[in-house]
Amino acid sequence: MRRGTIGFIASGCVLTGVFLIAVNLFTDTSLLWSVYCTVILLSPVFWLLRKGMVQKLYVLIMSLLLMLLFFIQNIIETPHYLWVIYLIAPLVTGPVMMFFGKKSLTRKFAVIGGLSLISYYIGLNVFFEPRFPWSIFTTFALLWWPFALLLAHRPKTLAIAGSVLIGIFLTVVNLITSPQIIWAINPIFAILWWPLSIWLARNTMVYAVSGSVLVIAYFSAINSIYSPQVLWAVYPIFAVLWWPLSVYYFADRRERSHHRLPEPELKKI
């Protein structure tokens with residue numbers, strides 16, 4: 001990019017920032033909304049002027065700038081509650097990953113980084129908001145970081161481990177938020193199709209039988225939990241039984257008979 005273009009963009013961003021601050025001060029000083037716009041406008045300025053700046057230093061400056069922005073917003077709008085501390089960890093993670101470079105993409109870094117962030121949010125939950133264990137949501141999300149790197153090349157293992165993790169998470173959330181209603185069984189039923197498809201999709205007959213058993217178990221459980229006085233599960237179960245039946249007669253059996261057919265003999269001339 002040419003110097004003239006860089007100078008024009010930088011000057012335009014600065015001019016727009018000054019204009020917005022002036023409008024904010026002359027119209028309504030009760031809410032300093034121009035601060036956020038100015039910080040957003042300064043981001044491309046730093047990016048354009050980064051030539052003499054190391055990329056790691058640029059990321060560090062931007063993280064500090066965002067941290068300062070959120071801190072100012074916190075002090076101005078809600079000084080009685082320091083919610084900015086919840087954003088410190090992700091804002092620090094960016095520069096740390098930049099300084100480590102390619103090492104930040106390793107499994108060891110993912111495990112250490114994931115456990116550190118999980119511990120950070122659990123600590124905030126215990127000391128600042130002990131009334132509700134909201135850290136289970138951040139823990140669940142952050143566990144996928146090491147999971148993805150450790151099991152990315154083993155999709156079958158990832159499917160089982162991921163399904164177990166999601167199942168445990170949904171069960172815990174169900175027990176904590178609404179133990180009187182067993183709703184976790186519905187998303188868990190959907191998640192179980194992930195490992196089932198990964199492991200058995202190539203064998204159509206086994207997949208059909210296993211899938212039918214899963215659907216039958218699901219509707220039977222739903223029937224007994226929500227409305228045990230009415231036996232309505234027989235209707236979807238009857239419909240599902242046609243799946244393995246159709247596969248057996250029109251796919252699996254035909255494929256077996258095709259393999260059993262003798263090869264035609266070549267006539268001798």
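Cβ coordinates come from backbone N, Cα and C, glycine included.
Quick look at what TrEMBL lists:
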- 7-26: transmembrane segment (TRANSMEM)
- 32-50: transmembrane segment (TRANSMEM)
- 57-76: transmembrane segment (TRANSMEM)
- 82-100: transmembrane segment (TRANSMEM)
- 109-128: transmembrane segment (TRANSMEM)
- 134-151: transmembrane segment (TRANSMEM)
- 158-176: transmembrane segment (TRANSMEM)
- 182-201: transmembrane segment (TRANSMEM)
- 206-226: transmembrane segment (TRANSMEM)
- 232-251: transmembrane segment (TRANSMEM)
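Using a Cβ-Cβ cut-off under 8 Å and counting only residues 6 or more beyond its ends in the same chain, the transmembrane segment (158-176) has close neighbours at 133, 136, 140, 143-144, 147, 151-152, 182-184, 187-188, 191-192, 194-195, 198-199. Panel annotation: around the transmembrane segment (206-226), residues 182, 185-186, 189, 192-193, 196-197, 200, 232-233, 236-237, 240-241, 243-244, 247-248 of the same chain, lying at least six beyond its termini, place a Cβ under 8 Å from a Cβ of the stretch. Note on the transmembrane segment (182-201): residues 155-156, 159-160, 162-163, 166-167, 170-171, 173-174, 207, 210-211, 214, 218, 221-222, 225 of its chain, located 6 or more positions outside it, place their CB under 8 angstroms from a CB of the stretch. Panel annotation: around the transmembrane segment (57-76), residues 32, 35-36, 39, 42-43, 46-47, 50, 82-84, 87-88, 91-92, 94-95, 98 of the same chain, lying at least six beyond its termini, place a Cβ under 8 Å from a Cβ of the stretch. Within the chain carrying the transmembrane segment (82-100), a Cβ under 8 angstroms from the stretch's Cβ atoms is held by residues 55-56, 59-60, 63, 66-67, 70-71, 73-74, 109, 113, 117, 120-121, 124, 128, all 6 or more beyond its ends.
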